[in-house]
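Quick look at what TrEMBL lists:
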REGION    1-67  region 'Disordered'
COMPBIAS  13-22  compositional bias 'Polar residues'
REGION    94-118  region 'Disordered'
COMPBIAS  99-118  compositional bias 'Gly residues'
DOMAIN    127-257  domain 'CMP/dCMP-type deaminase'
Amino acid sequence: MSGRDEEEVQAVPTATASSNADATEDEVPRPASRTTVPSGGIIVRDSVKPSRGATPPVQGNRAKRLRHAPLADAALPTAAAETNGGRAGIPAGKEAEEGGGGAAGGVAGGGGGGGGGRTQKRTDYLVWDDYFMSVAFLSAMRSKDPSTQVGACIVNEDKRIVGIGYNGFPMGCSDDDLPWARQADDELDTKYPYVCHAEMNAILNKNSADVKGCLIYVALFPCNECAKLIIQSGIREVVYLSDKYRETNSMKASRRLFDLSGVKCRQHIPKQDKITIDFSSTRR
């Protein structure tokens, strides 16, 4: 037999064995394969021969099914949604690290929301009416009037201060050249023809386009001249502390004007009789 004939005879069984292996995948055992990915990114499969006594590899379709089986415990455990105060998608124990503890998440600087010892808010804070009336009283301390110091504070609907003022002489007029007397033989020697009341100054000192719809806090019930300014500026409510001059004609005229214009007036009853400003508290 020639050399060419020998090559042809040897080639036939080789091809037949290869085709039989492909046709009977479920019948012929295959060695387990190991897949590696080198740095070049090309996948290389290396055949791994089972050692003697080792469990033979799973064959055929069964192997395919097992290769696609889900990994049971591959993921991290997560806290169940809406249970035990947890939130969906957060690993178990993570909320404890975040300092959570309920929906509120705890008070800053305090403990968690669920345990004892949670820091509570102050209970002796100023209510809004006391606060704004205090601002009016603090403004009054700027007045040079030796007999009567009055302040006013204008507040908008968002509880923001838009104007403050106190009683005094007009800008540019020396406090030393005009009289401060309440009584004199000549009215021109008293303060009344010259002084600007707190309500007037608060309205003129506004830091907004207007004061329409605002409240004005003032120590004394407004006089008739201030009542005109309050009405014309659009202020809707007057909150006063004292009405000790109510029997004077000026105050009677004020009430008539407020009643006719629909401006509400109410007397403020403070929850705290005295408020102390202690600057030294910041140095303790």
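Counting starts with 1 at the first residue shown.
Every residue, even glycine, has its Cβ placed from backbone N, Cα and C.
Nobody curates TrEMBL annotations by hand; they come from automatic prediction.
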The domain 'CMP/dCMP-type deaminase' (127-257): mean pLDDT?
96
Let's see if you can do this one: DSSP helix, strand and coil counts over the domain 'CMP/dCMP-type deaminase' (127-257), in that order.
42 helix, 25 strand, 64 coil
